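Report on one structure; see the data block that follows.
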Amino acid sequence: MAFPKKKLRGLVAATITPMTENGEINFPVIGQYVDYLVKEQGVKNIFVNGTTGEGLSLSVSERRQVAEEWVNQGRNKLDQVVIHVGALNVKESQELAQHAAEIGADGIAVIAPFFFKSQNKDALISFLREVAAAAPTLPFYYYHMPSMTGVKIRAEELLDGIQDKIPTFQGLKFTDTDLLDFGQCVDQNHQRQFALLFGVDEQLLSALVMGATGAVGSTYNYLGKKTNQMLEAFEQKDLASALSYQFRIQRFINYVIKLGFGVSQTKAIMTLVSGIPMGPPRLPLQKATQEFTAKAEAKLKSLDFLSSPSVKEGKPLASA
């Protein structure tokens, strides 16, 4: 598969992995999920098996199956399907990277290993290069998330000269609040050869001002439409409207963070908003409480984020 003609830009939903109540992957709802993202949220790019997708809580076999289902269900509907293939060992990452190429994914991403950690830039690039080489036809993205990995190598340091060592390198998923580091990445990218995708949803407008080319996030599963309105306002240089959208989104995110917000709660919110059952998380995570879901629902309604009649009634959207 050749590199896509279009660079990855705009909103990218970090997809949830739907599960049954007994913890098995609920493959049959993924087609419905694709239709919901495209038709209801206006989101046509996805990031599969990342943090939101509990990728590192799945077996290699499960990760392969999940990737296949998203690619198959997204064909002729989604613009780009990027598969996260990061793992704690290079062999698993290489296997998943090769598989992503075989099934027709549009790109791969890799997070830094976080048990035995790379101690410097060269060591990390050596790991990333070996994984990228397993899928030489696919665009390669580095998934920068130091809060989860504990790897403190700055993204701007990593970007310096990276394409000389990883020819397929096409960009960065930057999930950190360090806007100085992100700004230096943008400054290096003056020819706009890389996709610089911001990963902190509640700070997206700040990143857009600095030059982000897109965003990857969990809230775009259910707040994609509102966030797209913010992007449109920003592109039209209507900063007042863009700020209004960002502040409304922040009110919700700030509220649920105070309640305790993570993958489990994201699954509960997505089930509530979309009507598609996301199920519980995989252990060691625990299911969101009914109290959390009720409070999140009330906040969504107060912000007019629950507007679809089918959503308010809790009815799943028909699968196309």
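For all residues, glycine too, the Cβ spot is worked out from N, Cα and C.
Here is what Swiss-Prot says about this protein:
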BINDING   THR51, THR52, THR175, GLY199, ASP201, GLU202, SER218  aceneuramate binding site
ACT_SITE  TYR143  active site, proton donor
ACT_SITE  LYS173  active site, schiff-base intermediate with substrate
MOD_RES   SER308  phosphoserine
Rounded to the nearest Å - Cα separation of TYR143 (active site, proton donor) and SER218 (aceneuramate binding site): 15
Expressed in Å to no decimal places, the gap between the Cα atoms of GLU202 (aceneuramate binding site) and the residue listed as 'active site, schiff-base intermediate with substrate' is 15
Listed aceneuramate-binding residues THR51, THR52, THR175, GLY199, ASP201, GLU202, SER218 - what's their greatest C-alpha to C-alpha distance in Å? 17
Output, ordered by sequence, the same-chain residues six or more apart from THR175 (aceneuramate binding site) with a CB under 8 Å from its CB, or 'none'. THR51, TYR143, HIS144, MET145, SER147, GLY199, VAL200, VAL216
How long is the line from the C-alpha of the residue listed as 'active site, schiff-base intermediate with substrate' to the C-alpha of ASP201 (aceneuramate binding site), rounded to the nearest angstrom? 12
Can you tell me how many other Cβ atoms are located within 10 Å of the Cβ belonging to SER218 (aceneuramate binding site)? 26
Give me the non-local Cβ neighbours of ASP201 (aceneuramate binding site): same chain, 6+ apart in sequence, Cβ-Cβ under 8 Å, ordered along the sequence. ALA215, GLY217, SER218, THR219, TYR220, LEU223, THR227, ILE249, ILE253
Give me the non-local Cβ neighbours of THR52 (aceneuramate binding site): same chain, 6+ apart in sequence, Cβ-Cβ under 8 Å, ordered along the sequence. ALA14, THR15, ILE16, SER218, ASN221, VAL263, THR266
With the aceneuramate site defined by THR51, THR52, THR175, GLY199, ASP201, GLU202, SER218, which remaining residues of that chain have Cβ atoms positioned within 8 Å of the Cβ centroid? ALA14, VAL200, VAL216, GLY217, THR219
Secondary-structure category, per DSSP, in which LYS173 (active site, schiff-base intermediate with substrate) falls: strand
